[in-house]
């Protein structure tokens with residue numbers, strides 16, 4: 001299997017992220033309460049927590065789909081807004097256009113001679129042979145691979161993942177976790193993964209951040225060699241530590257549903 005052609009070093013480095021005093025309110029409800037984060041370039045971070053804790057709101061702020069009520073979001077020393085072109089977002093729904101073939105979904109919005117690049121991106125996710133098929137012919141896991149290829153073709157420095165594997169069966173989910181990890185190690189982008197699956201968070205991330213009622217309740221380094229042996233004692237111990245903390249946190253009301261942005265406002269791997 002070939003991989004995407006080597007890019008200049010600038011494109012292979014992740015974006016360092018920082019938030020300072022980050023707050024978000026919806027009406028009278030404060031969903032994020034002064035979040036302070038420092039994420040080195042190229043780190044793989046998983047964000048976990050109960051439903052309604054604020055983790056999805058945090059990801060929306062990082063993606064530029066919503067604006068903070070107070071505080072700062074930085075890419076290095078610059079406002080995060082300046083890194084929007086180098087940021088891509090994947091959702092649980094692959095959001096493929098059903099009237100466009102797979103390769104055209106990957107190259108959506110591109111101009112010039114983009115088809116060779118789209119084929120390279122598809123090959124990097126193992127789907128070059130499905131380039132000229134319709135999305136309806138693909139399984140759920142294959143559709144997410146296409147969405148990932150659509151992100152990779154832009155050589156992102158920041159990849160935001162909002163429960164992208166939540167609808168997949170267990171085996172396909174593990175395969176996608178391994179694929180995302182391999183591509184992250186190859187390209188060096190910064191990854192933030194929002195997930196309800198604690199085992200997934202511990203298996204793939206360098207660091208697991210637990211959001212509790214809008215605040216950072218736990219910031220755990222996963223200091224395990226890669227590739228990680230699933231079922232190992234150390235992995236199970238870390239998973240248990242995070243899960244016990246999640247279960248001890250009180251539940252919260254669901255996060256408010258924001259107004260859906262127009263398709264042209266999204267940088268969801270297109």
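The count begins at 1 with the first shown residue.
Even glycines carry a Cβ here, placed using N, Cα and C.
Copied from Swiss-Prot, the annotated features are:
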- 17-238: domain 'ABC transporter' (DOMAIN)
- 49, 50, 51, 52, 53, 54, 55, 56: ATP binding site (BINDING)
- 249-270: region 'Disordered' (REGION)
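When Cβ atoms from all protein chains are considered, those within 10 Å of residue 52 (ATP binding site) total 18, not counting its own. Taken residue by residue with DSSP, residue 52 (ATP binding site) is part of neither helix nor strand, so it is coil. Annotation for residue 49 (ATP binding site): spatial neighbours 55, 210, 211, 212, 217, 246, 249, criterion Cβ-Cβ under 8 Å with sequence separation of six or more. Across all of the domain 'ABC transporter' (17-238), the predicted model scores a mean pLDDT of 93. Sorted by the number of other CB atoms within 10 A, the binding-site residues 50, 55 start with 50, the lowest.
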